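Q: Annotated transmembrane segment per TrEMBL: 34-56, 76-95, 152-174, 189-208, 277-297, in sequence order. Under the heading domain 'ABC transmembrane type-1', TrEMBL lists 42-336. Per TrEMBL, the feature domain 'ABC transporter' maps to 372-571.
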Amino acid sequence: MVLLAGINLDFLKDCWQLARGYWFSEEKWRARGLTAVIVTLNLAYVYISVLFNNWYNRFYNALQNFDSEEFFSAQLEFSVLAGIYIIVAVYQLYLQQMLEINWRRWMTQQYLDSWLAKRTYYRLQLIENNTDNPDQRISEDLRLFTNYTLRLSLGLLRAMVTLVCFIAILWQLSGTLTVPIGGGTEVTIFGYMVWVALLYAIIGTWLTHKIGKPLTKLNFDQQRYEADFRFSLVRLRENSESIAFYGGEAREGQSFMDRFGSVLDNFWQIMKRQKQLTWFTSGYAQIAVIVPLLLAAPRYFAKEIQLGGLVQTSLAFGKVQDSLSFFVESYPLLAEWKAVVDRLTGFVGNMEKVNASTDTGATIHQAAAPALMVSDLNVDLPDGRRLLSELNLSLTAGDSLLVAGPSGSGKSTLLRTLAGLWPYAQGDITVPEGQSSLFLPQKAYLPLGTLREVLLYPGPRQPVNDEDIYMAMSLCKLEGLKEQLDRVEEWSHVLSLGEQQRIAFVRALIHKPDWLFMDEATSALDEPTERVLYKLLCEHLPNTAMISVGHRGTLNSYHKKKLTLDGVGRWSLLTL
Ligand SMILES: Nc1ncnc2c1ncn2[C@@H]1O[C@H](COP(=O)(O)OP(=O)(O)OP(=O)(O)O)[C@@H](O)[C@H]1O
């Protein structure tokens, strides 16, 4: 059953599934207490609106009767009401925002934990229909989800309660309307203003919906076009050097203007549609001022109600209509809320799928053995094709193995499997207990921060003093950077590829891992520098076992063993 903007029961279930955790978490009493206070403040807000509505009656009657005493007493009542209203308005918003940020903090923490746990962030990319932009789900969608859910649910509560209260008021104020229907018969309509208000609001909201509906899609498209335009600008910044070498400015400029053209075209359509909507809504709002006055006027001139009653009726009519309009005004928000909930549900579903997957990779045991033992290891591609069959291998401290083979034969995938990252593998891997490992890829990951943080990433086993860092930098021919240890930079943009690879060797010298995995870790270096770095590893890390992947023939002389893969399952192991 579709209720509005694609909102149906399944959707509400998904939404509850995403939302409920916080209200049943370790923070549940705080969350529930705050929610109760906010709901109470919302109800108080409606109650004060009712009191204000009554106040208008009293005030205008005092004016009509030239009753100065009543006039001043009404002023006093107004001051008290206004004071309470201000306090309620301030705290209702403040506490709602407090609940929103607490809830978002809790959800963000949960999502980050699940995303980082069991390397889900990595395994997510390997499954089909993988989640696009998990970063956006965690930063943007969680913010929107908490915000929209609170805004819409509290808005709905307030609109419903306001509607009920003011319908009751209008009912009392309306009196009856007697309409002659010919032949001397008359029909008496009780609470006729209520029916007019409902009819007026329903017709108005339906027309607003008809005229404004295309705006939802147009606004959605606008965001997409703006994001595309921004993305193309970011790509120029990220690839500025290559584009400058190619002299690709004209081509880039054309692509910017194409994308910006879509932004402009869509904005014109929004403007046109907005203009039609404004014609309608402003006319509708003006008529809404007169309609209740016109309808109540006969009773006023017949002296059945006083001026206060007339004003009160008109205001109550406005409130009924406002609260009914809530549903249509929330229409675009509902559509966005649905999109956010769908995206988050998809993201959570994919994380659960990854965790429940039976493709868990090779079994890795820790044992009190002196060697890394690989037994009957099969490595496959996600589509089931076999890369490596029945590999058996043993490596001890100080050993060094070079993995070779044509491009695409599965060398990097073997390293992933040994590190426990690749889920499409079967077999046993035994690693010596309590030993550490470090992975040096072709392009080392350089986190944002100071050069010191970059060098020590992801954190050394022992505290490291500056002398040791300087020493490792000098050995890796990076002494030129010693003065910049505390400088914050985007280091992956500043340093050359060869320098970045030497940074990875500094890490290896500082961390002194028991196992060092290197995937083309010297590909950007000249051969003499490569020789220096491998010599350093032999001299300074004599007990570290090395497994390297590389194409260069020069690598043979730095390793004791060579494993060659053919990419369709076969392999051979040689002693060099
Ligand atoms: N995430 C993935 N999804 C699907 N296929 C993948 C994935 N990662 C790697 N592959 C495929 O696995 C095969 C082996 O890739 P791998 O990176 O291990 O090769 P390689 O021998 O290291 O190649 P190169 O020498 O070019 O670096 C390739 O055909 C590659 O396309």
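Quick reminder: no glycine exception, Cβ is built from N, Cα and C everywhere.
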Q: Which of 34-56, 152-174, 189-208, 277-297 shares the most C-beta pairs under 8 angstroms with the transmembrane segment (76-95)?
A: 34-56
Q: May I ask which of the stretches 152-174, 189-208, 277-297 has the most CB pairs under 8 A with the transmembrane segment (34-56)?
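A: Going through each listed stretch, the top one turns out to be 152-174.
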Q: What residues in the same chain, six or more past the boundaries of the transmembrane segment (152-174), come closer than 8 Å to it by Cβ-Cβ distance?
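A: Cβ under 8 Å, 6 or more out: 38-39, 42-43, 45-47, 49-50, 53, 96, 190-194, 197-198, 296, 305, 309, 312-313, 316-317, 319-320, 322-324, 326-327, 330, 333-334, 337.
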Q: By Cβ distance under 8 Å, which residues at least 6 away from the ends of the transmembrane segment (189-208) in the same chain are close to it?
A: 167, 170-171, 173-174, 176-179, 277, 280-281, 284, 288, 291-292, 295-296, 313, 316-317, 320-321, 324-325, 327-329
Q: Looking only at the domain 'ABC transporter' (372-571), report the model's average pLDDT.
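A: Summing pLDDT over the domain 'ABC transporter' (372-571) and dividing by its length gives 87.
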